[in-house]
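Report on the following structure.
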Amino acid sequence: MTGATLGSVIYTAFKPIIKIYLIIGTGYILARMNILTIDTGRNLSNMVMTALLPCLIFNKIISSIQSSDIKAIGIIGLNATLLFMVGGTCGFIIGKMTPSPKRWTGGIISVGIFPNISDLPIAYVQSMDTGTIFTQQQGNKGVAYVCVYLAFYIIYQFNLGGYKFIEYDFRDALKADIENDTIEEKGTSRPDQDNIRREKEESGHGSTESSSSVASFIQEGQEDLANTGTNTNTELLQHAAFLNARSNSTTSDTSHSSSQAAPLRRKMTTRASTSSNHSGVSALSLQLDGPDAAPSTPNIIEGYSELERLRTNPNLTRTVTGMQDISLVPPDRVRALFQKYHLLFVYGIFENLKKPTSVTLIVSIAFAMIPWVKALFVSSNQVHLPDAPDGNPPLSFMMDFTSYVGAACVPIGLLLVGATLSRLTVKAIPPGFLYTAAVITVFRLVAMPVLGCLVNWGFDRANFFVDDDMLRFISIINWGLPSATTLVYFTAFYSDPKSDDNIQMDCLSIVMLCQYPLLSITLPTLVSYTLKAIMHY
């Protein structure tokens, strides 16, 4: 598309953002309808990080990266490091120069450091590899480059402890409970421990009440089914029986049984559905208003907070388990050994390296750098191996499998972005913070792209990119991305669900709600400028 008109370049740049926002909007609507619930989002997130993203990484790196691209990986590492350093430094300066709450110091640094490097650039590249701008081969290579950028993102945020910037904002909440533990060791009982003992004494009464509530629910459900004159809703009774069995199996668990007993209520409505070719059959709809029933607008802090566990045991190791999740790993003998020599930092690095995404990335790059191993999966000009009976490389079925599964990664990721944005709520706006939000948004989406163009112009002058237009393109647009939505889940991870004062989540929500609408203008503008002025299309 060399020599294309400015209008055609602008249209090409704006077209992918429409698709991206349609998918994000779909996720937003599904979350508001309570279809894409917090638990569903958590499970999808874990599925992406455990299966879909590793498949995408393996497929694109094996098919597009070769030994001669080792220089490109080094350039990506350098570019990503500069991106994070510049963003974090400027975020810190903005926090000091604007009326940003001191309790959100680590949060504003994280907003500056970590962009949404994954779904957005991949969706953009895959929308432009139709041959008009980039070929499909270039598009696959671009996705591989984004995966390498994502690897450095994970290294900085998890392996090197970047998530601790957010943890820093909650240091007082964590410290307060540690002091309570110290008092308890001296012989003073904590109020919550007294409550636990009191609940244990009342466990028999709580479990009996829970069982009777479920039994009453089953009996009333049977009567309503009998009144409708149909036996087509056996699944309803099976579910009720399951609840009864679960209640009986947890009678020894005081807190769980008592929490189920009190709020368990039943709402049953009947709707008559008729058809011209069938006699009318009454359909029974059941809704449980209990602790497991999600509200229309779920509280993201209640769904992800692990503050109580951190207060109880501050030595738990944080590791990534999903795009929206941090897991807490109990200490073991290996961790104790590292702790003895003050090397917990190294232990955390190795714990996160064991995750499927990290392992897949290391293995994929290693395979791609060894020509005869790569030739087992894809055709190679460097090494020739005997083909399978179908004329393809012997392990080509692995490429088919990873391509098929990995294709679902980006759409699901964008749906989760929309679901995240739908759950953002602002309880209170700190005085003057709207000015801070405006400044950090303009910096993230306007100033950072300008800095990125300057940095990559220097790389170009140093012949870093040579003739690799895709590497140049990816390296520039990554500077124009909004803050990662995973920051929302990490903030909720440390927030107190029982507190009305969640200023960290309020500040982050305001910034996110400012950035993502503005992105629809800034990112296509950056892409248009990159294609026309820098890459001369």
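Using the three backbone atoms N, Cα and C, a Cβ is placed for every residue, glycine included.
For reference, TrEMBL has these:
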- 184-204: compositional bias 'Basic and acidic residues' (COMPBIAS)
- 205-216: compositional bias 'Low complexity' (COMPBIAS)
- 247-259: compositional bias 'Low complexity' (COMPBIAS)
- 270-285: compositional bias 'Polar residues' (COMPBIAS)
- 184-216: region 'Disordered' (REGION)
- 247-299: region 'Disordered' (REGION)
- 20-38: transmembrane segment (TRANSMEM)
- 44-62: transmembrane segment (TRANSMEM)
- 74-94: transmembrane segment (TRANSMEM)
- 142-161: transmembrane segment (TRANSMEM)
- 359-381: transmembrane segment (TRANSMEM)
- 401-421: transmembrane segment (TRANSMEM)
- 433-459: transmembrane segment (TRANSMEM)
- 471-495: transmembrane segment (TRANSMEM)
- 507-531: transmembrane segment (TRANSMEM)
Distant-in-sequence neighbours of the transmembrane segment (507-531), which means Cβ under 8 A and at least six residues beyond its ends: 6, 9-10, 12-14, 17, 21, 24, 100-101, 104, 107-108, 111, 120, 124, 133, 421, 424-426, 429-430, 433-434, 436-438, 440-441, 444-446, 449, 453, 472-473, 476-477, 480-483, 485, 487-488, 491, 537
Long-range neighbours of the transmembrane segment (359-381), counting only residues six or more past its ends (CB under 8 A): 54, 57-58, 61-63, 65-67, 69-70, 73, 147-148, 151, 353, 392-396, 398-399
Result, the transmembrane segment (401-421) in contact with the transmembrane segment (20-38) (3+ CB pairs under 8 Å): yes
Same-chain residue ranges lying at least 6 outside the transmembrane segment (471-495) that approach it to Cβ under 8 Å: 72, 75-76, 79-80, 83, 107, 110-112, 114-117, 120-121, 124-125, 134, 142, 145-146, 149, 153, 157, 163, 166-167, 169-170, 173-174, 300-301, 303-307, 310, 323-326, 416-417, 420-421, 423-424, 444-445, 448-449, 451-453, 455-456, 459-460, 465, 502, 504-505, 508-509, 511-512, 515-516, 519, 522-523, 526-527, 530-531, 534-535
